[in-house]
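Features reported for this protein in Swiss-Prot:
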{"type": "BINDING", "residues": "Gly11, Ala12, Gly13, Ala14, Met15, Gly16, Asn107, Ala133, Glu263", "note": "NADP(+) binding site"}
{"type": "BINDING", "residues": "Asn107, Asn191, Asn195, Asn205, Ser251", "note": "substrate binding site"}
{"type": "ACT_SITE", "residues": "Lys187", "note": "active site, proton donor"}
Amino acid sequence: MANQLKVGIIGAGAMGLLYAANFANISELTLFTRRKEQSDLLNQKGLSLKDNSELKNIHIQATVITDAEKLSEQELLIIAVKQYSLKTILPLLRSIPERVPLLFIQNGAAHLDSMPLLGNKRTILLGISEHGAGREDDTTVIWRGHGRTKYSIYQGELNEAVIKILDSNPDFPVEKHASYLDIINEKLFINAVINPLTAVLQVQNGKLLENKEWHELLKTIVKEIQTVLPVENALEKVEVICQVTATNFSSMALDRMNNRMTEIDGIVLPILEKGESLPTLHALYHLIKGLEGESDV
């Protein structure tokens with residue numbers, strides 16, 4: 001362990017647990033949790049990863065997010081909290097030594113506005129995750145869909161050790177791209193179509209193609225978003241994701257089904273702010289905000 005890179009993951013929801021499971025064997029990993037109860041359970045029981053019929057139990061080290069000493073020891077920090085939780089941990093991120101690179105893997109684009117607040121001297125990577133994951137409990141994550149992590153350098157530069165660790169697990173591919181805006185906008189576009197629709201309808205992604213009326217609605221939303229966020233072959237890309245994740249519920253659908261706050265403000269609001277000619281997307285946005293209000297989340 002002494003020669004391995006120290007990698008920390010902030011956030012122990014579905015994505016944080018999935019990334020922890022996949023980085024545990026290639027790094028000296030620490031998972032930072034909001035609740036001490038969860039970090040204690042992870043230290044006692046380990047992390048269980050369910051992948052189809054396979055179940056792995058992985059020994060990991062966990063501690064609370066307020067463990068400043070442990071945070072400052074890391075050589076790479078992956079920020080895996082939900083979009084709406086990011087602002088609450090910004091003061092903590094600002095206190096981390098500037099030599100520690102930060103990799104953000106949030107949904108949406110609202111977090112881009114927060115990057116300048118972290119200063120211009122640290123290395124910041126902006127990424128997206130194509131994986132599907134669901135947290136069963138505090139120590140168990142279900143790998144619902146395999147994909148890639150794509151990232152680009154927002155500012156700064158990477159040392160060889162970090163590049164090597166990101167590229168060292170063929171079962172969990174990480175790709176470097178030239179433009180962070182390109183990868184974020186493409187993921188944002190896809191999420192802005194699939195997530196709110198499935199959240200309102202409370203259906204799996206594949207139903208958006210199977211049901212003729214819902215498919216027409218999907219195509220309408222794609223056309224609207226294209227007017228303010230052009231993405232090449234957008235409809236095809238959205239439909240492919242619906243096909244390959246046909247049996248999955250989107251993260252926003254799962255949030256609604258569990259009466260949790262959604263990431264609607266991070267995913268849809270940045271698009272709505274680009275223009276007014278988006279009536280269907282506006283309607284979906286207000287439907288979900290209204291549902292959140294009814295659930296008092």
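Positions of Cβ are set from backbone N, Cα and C atoms, glycine also.
Values in this document were obtained by computation on a predicted structure and should not be read as measured data.
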C-beta crowding around Ser251 (substrate binding site), within 10 angstroms: 25
Listing them in sequence order, which of the recorded positions Gly11, Gly13, Met15, Lys187, Glu263 have their Cα within 10 Å of that of Asn195 (substrate binding site)? Glu263
As a whole number of Å, the Cα atom of the residue listed as 'active site, proton donor' is distant from the Cα atom of Ser251 (substrate binding site) by 13
Just jot down the residues in the same chain as Asn191 (substrate binding site), at least 6 apart in sequence, with C-beta under 8 A of its C-beta; none if empty. Asn107, Gly108, Ser250, Met252, Ile267
Alpha-carbon spacing, Asn205 (substrate binding site) to Gly13 (NADP(+) binding site), which is rounded to whole Å: 21
If you measure between the CA atoms of Met15 (NADP(+) binding site) and Ser251 (substrate binding site) and round to the nearest Å, you get 10
